[in-house]
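Listed in Swiss-Prot:
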type: BINDING; residues: GLY118, SER119, ASN120, ALA121, LYS122, SER123, THR124; note: ATP binding site
Amino acid sequence: MPRVPAAHTLVIGLGVSGQAIARHLSRRGEPFMVADTRESPAGLEAFRAAHPGVDVVCGPLEALDMQEAREIVLSPGVDPRTPGLIDYVDHPGSGPEVVGEMALFVRECRSPIAAITGSNAKSTVTTLLGEMARESGWKTAVGGNLGTPALDLLDESPDAELFVLELSSFQLETTPWLGADTAAFLNLSEDHLDRHGDMQGYRAAKQRIFRGARHAVVNAEDPATWPDAPSCAVTRFTTDMPESGEWGIVDHDGERWLAQGRAAIMPVGQVRMPGRHNHANALAALAMGAHLGLSREAMCRVLERFPGLPHRGEFIVEREGVRWINDSKGTNVGATLAAIAGIGSDLEGRLILLAGGDGKGADFSPLAEPLAHHAREAIVFGRDAERLEQALSARLPVTRVADLAAAMQRARTIARAGDTVLLSPACASLDQFPNYMARGEAFRQWLATDGEAAC
């Protein structure tokens, strides 16, 4: 049986974050070895070339003796309850401690951390806050679950005055303590139940973002985001009228304005990102930025010009009076509900929803009510198309097709002037695409080639 040498760190997982962990340990001159549950992980030969002399063990973790490891550091894609790890997780002190990349980051970081989690909108708020900080003149590093891994940011931005980090539940569940200057929990809806078991387990992982936090930003309309045991100042945001101290939307001079309490900040109409869900994102970023001491004028300038991120409610084209919107990042039911709510109030005609893929065990029934109100039809495809059809067909017309290309062809056939075709799948993409970006690009290319490109 292969064995981890004494005083060596064991890195498990050769994904993007796992390789960042390895680079970090190499820079520090700390001895380590690597394991991956896959027999032939992608990028293995390139990793060996970059780290000569580092042992790599592939295959079941039960076949590896980890008892003498200094520490076990997991890539976020590795479930802590994987056989071979679970005993160390369930019985702390029985062997090496099991942590994730963020534990290593926190040990090294000497600048303030702004951390963002939630089932949806993490990337938008992370990017938005990073732009606000830069506009305010701060040296800012942005990454984590978005873009550059957190550990690489330490090397790439050694003079950063602020780290703005998107953090997933997978990252947080292996983070014993974070100590963020401001931490936001944006929303919670069903996702990753195949990893966390149930909503209680999923929420518990997200709640770790508040460990050691000096300030919390939470959703006034979603009590699941509120800290279980607040140990810091808490600021709430809402897209309704705010209470004293909250961020929200008020009527001011005949217009709707973003506001803190009753103090109007800027007209909603000047926020470039459209939709109620994006107004919530703007308010969350403002609340975090205000706590950090960012310039209010700078934050408003960013909101006036920031268009949002690709594949997140992204307007692609209007053709024959029909608008086509790419929300491929809508990989869970909550994200799709937010997209429908954001678009529904501005519809001239009806909505045509394209949904499907790997539902990760989610309940699709919450989609039925808003679709019954707004939609002409739902067109479903992919692995969980049948489950989507069963959840929706009692409330609105549903057509099941094989793939995204067939769904788009059907949408073009039934759409009328004034309608909006929305790709917001409520599912992961991996049954038919490498990732949600590839799915969104297929949507874009199909439109660019007038249906000639394959999806």
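Cβ from N, Cα, C; glycine included.
Features as recorded by Swiss-Prot, highlighted on the structure.
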| residue | record | Cβ within 10 Å |
| --- | --- | --- |
| GLY118 | ATP binding site | 27 |
| SER119 | ATP binding site | 27 |
| ASN120 | ATP binding site | 27 |
| ALA121 | ATP binding site | 26 |
| LYS122 | ATP binding site | 24 |
| SER123 | ATP binding site | 21 |
| THR124 | ATP binding site | 27 |
(message) An 8 Å radius from the center of the GLY118, SER119, ASN120, ALA121, LYS122, SER123, THR124 Cβ atoms defines the neighbourhood of the ATP site; name the other residues of that chain inside it, in order.
(response) ILE116, VAL125, GLU166, LEU186, ASN187, ASN281, ALA335
(request) Name the secondary structure element type, per DSSP in three states, that contains LYS122 (ATP binding site). (result) helix
